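As annotated by TrEMBL, compositional bias 'Pro residues' applies to 1-10. According to TrEMBL, the feature compositional bias 'Basic and acidic residues' maps to 14-23, 374-383. If you look up TrEMBL, you'll see 67-104 marked as domain 'F-box'. Here TrEMBL flags 159-337 as domain 'F-box/LRR-repeat protein 15/At3g58940/PEG3-like LRR'. The region 'Disordered' annotation in TrEMBL covers 1-23, 374-394.
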Amino acid sequence: MDTRVPPVPMDPATAERLRRDGHDPDEMEAVFARVLSRIHFALPDQSVSVDARLFGLLPHDSVDCVSRLPDVLLRNIVSRLPVKDGARTAALSRRWRGVWRSAPLVLVDSHILPAGTAAARADARRVTSAVSRILDAHPGPFRCVHLTSSHMEDFPGLLARWLQILAVKGIQDLVLVNRPWALDFVIPSTFLGMTTLTRLYLGLWKFPDTAGVRRSTCFPNLLELGLCCVFMESKDLDFILDRSPVLEKLCVHGNLFKLSLCLVSQSLRCVKITGSFFEEIALVDAPCLERLILTGCWTRGAVCTKVKIGHAPKLHSLGYMDPGSHVLEFGNTVIKVPHLFDLIYCTSYLNDQCICLIFLLLIDCTEGWNKGEPKHQGTKCEDPGFGGALWRPQ
């Protein structure tokens, strides 16, 4: 994912409001430029690239063999091109004229930005206008749409219209990131009706009020969900998880609020939480969960994140844990570690007649320890009451 898309320059009203609150607007823009870059780093890779080398030379016999390919192959070729190059194929010949409109659309709006462009509001507006024209012109289906470079503040109601078009035209893979002013921009609840989604990543939005949303709202095909610096409450997170019956991968990046994550899912296989704070993470009923990855997480004051392992019989990877930030609970057993050191905890316990083997590797990353080379020699301490083995430094 391109991490170089800069935030849209702050408008004068926002800058003046920050000054009144005692903040330097330039410093705030620099902070959010770093935040936005990290969010883009956490996003999935784009399915098309503008960095590939293009060749326009005909073969020695001057015969255009590509145009003779079946329609299904031509559509496959066009769907792998950046949107501007894909649309231009209509000018190649009559044979190519209708290929772009009949191929599944792949749209990455950062590819519309001029090369080397500055972070100008005018450029963001031009990208926004171009996206609107493309969404209107293409009949669908929409295979992959990444919208990270548009500026929505100057176009009230346009985002809701975009989301409605995407829902109607069968969007499968959607990445939607604010750029980021205003920070309290509420994402329209229209996205909750995208039943064809298989992957969804949201960044720097305020989650809509779900109180009036129909109970039948569901993401029946959603396999992967990413929430990056999304302003939301625990009930909002529960809402979207409850309505994603086949969700396999959940990524939460940069959560800034007091949330509790209660995992009750029959399909989740991997949960990754980075740069976030949660009061509690509870694996209540997650029979398919294999990995719970916590990295770069932080705490508020002396409050630690409580990680509770309930019914997760397939869980085999849990880390990387900071002993000063996390408290682990396995059933009725609480594990607290007062100092930072390498800890490998191997245990097996009976959970609904399923044996689960868990390996925990707790590392003090501040000293740059090699994950594969424990720093301390240890002695094995048996705990007959719990049936595990704890390795502690001598």
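Yeah, the Cβs are placed from backbone N, Cα and C, and that goes for glycine too.
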Reported mean pLDDT - the domain 'F-box/LRR-repeat protein 15/At3g58940/PEG3-like LRR' (159-337): 86
Residues in the domain 'F-box' (67-104) grouped by DSSP into helix, strand and remaining coil: 26 helix, 0 strand, 12 coil
Helix, strand and coil residues within the compositional bias 'Basic and acidic residues' (14-23) as assigned by DSSP: 7 helix, 0 strand, 3 coil
